[in-house]
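Student: The structure's right below; bear with me while I get my questions together.
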Amino acid sequence: MSTENLPQNPEQSPRRPPRKPRVAVVFGGRSSEHGISVVTAGAVLAAIDRTRYDVLPIGITRDGRWALTADEPERMAITERRTPDVEELAESTEGGVLLPVDPANREVVYSEPGSVPKALGEVDVVFPVLHGPYGEDGTLQGLLELSGVPYVGAGVLASAVGQDKEYMKAVFTSYGLKVGPYAVIRPREWEQDRSGARKKIVDFAGEHGWPLFVKPARAGSSIGITKVDDLAGLDEAIEEARRHDPKILVEAALRGREIECGVLEFEDGPRASVPAEIPPPSEHAYYDFEAKYIDSTPGIVPAPLTAEETAEVQRLAVAAFDAASCEGLVRADFFLTEDDEFVINEINTMPGFTPISMYPQMWQASGVSYPELVDRLVQAALRRPTGLR
């Protein structure tokens, strides 16, 4: 008698191997930090363990289109002092990727105009490596929360706080962390009363002295920042900052050493890395975009601090992580003043993650390699539910 139609014994049937978790690496975006985000994505795609994870690279163009892109990390590096662009990597100039709209179904769909949408399969976790507005500021995180898709890094509130330097400093102050003097010029102030806005800054300089740093309130990677030595350069600095954000922040220059510390979420809670020191770049007025990414000004890892100073900056970095309700990872930036006091400058909820970035270097020196860092972040996201937590 033929047995081909008889029920199989489940214990004797060949079992389908478990599906590997699928990670969508989302990068690019509409902010001024588009190119650095692409470089970061290239580093993550090169480091992620393909034996453990399936990977889906999704780039967001400068005009906001979600595109399927080539999985070719070697094309995502800085070349000839130029950062790459999602449009150069996109598989189509018109097609778009659609996220799930039902939390019970995590299937991602690709759609071309005039064609039947194509299912790309389920995504288990999103690794967003976007920097700046429309990606690092809580907007993307809110979209993923609505879709019910787990994601790497800070949630909606922490991302928003970490992006807006004014509210970040307010949160730190309320939790007892020391911040430097600053002033804020909101869009309406500059647009309706420029003389009043200028007077506000001049009065601030009169109290705290020149030079000042004028910067976008909601941007990173040192983009749009100008060091202003006197009143003559003020208007130009304001307009440069406003090219990136209509709201600007003015900070007093602090004399001291620039110290950074990484925070990473482990199973038992956040831990701090060994700190790093950013020496004054010889060819730049301060640690600007060119020094960070183009000329690769090297940091000192670990920072030459005393044991007591190291322990204190690590404590403060974790305190900043907790104050902003962060998750996943943070880089906390401090000044160690001439009075031997740590003043927190800012946190980055998605810090620079390129091979030359300080965050991976600090964790490498702490015993966590770049591939392990990527793996820990993905695993933390897989453990964490979306929604209120």
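Every residue gets a Cβ built from N, Cα and C, even glycine.
Per Swiss-Prot, the feature ATP binding site maps to 205-260; the stated evidence is similarity to another entry. The Mg(2+) 1 binding site annotation in Swiss-Prot covers ASP333, GLU346. Annotated Mg(2+) 2 binding site per Swiss-Prot: GLU346, ASN348, in sequence order. For 1-12, the entry in Swiss-Prot reads compositional bias 'Polar residues'. Residues or ranges marked as domain 'ATP-grasp' in Swiss-Prot: 169-379. Annotation comment: Swiss-Prot describes 1-22 as region 'Disordered'.
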Student: How would DSSP class GLY233 (ATP binding site) in three states?
Tutor: helix
Student: How does the model score the domain 'ATP-grasp' (169-379) in terms of mean pLDDT?
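Tutor: Computed over the domain 'ATP-grasp' (169-379), the mean pLDDT is 93 on the 0 to 100 scale.
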Student: What's the CA-CA gap between ASP333 (Mg(2+) 1 binding site) and THR226 (ATP binding site) in angstrom, rounded?
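Tutor: Spelling it out, the Cα of ASP333 (Mg(2+) 1 binding site) and the Cα of THR226 (ATP binding site) are 18 Å apart.
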Student: Distance between GLU240 (ATP binding site) and GLU346 (Mg(2+) 1 binding site) at the Cα atoms, whole Å?
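Tutor: Checking the Cα atoms of GLU240 (ATP binding site) and GLU346 (Mg(2+) 1 binding site) gives a distance of 21 Å.
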Student: Between THR226 (ATP binding site) and GLU346 (Mg(2+) 1 binding site), how far is it from one CA atom to the other, in Å?
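Tutor: It is 17 Å, counting Cα to Cα.
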Student: Rounded to a whole angstrom, what is the C-alpha distance between ASN348 (Mg(2+) 2 binding site) and ALA219 (ATP binding site)?
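Tutor: Rounded to a whole number, the Cα-Cα distance is 10 Å.
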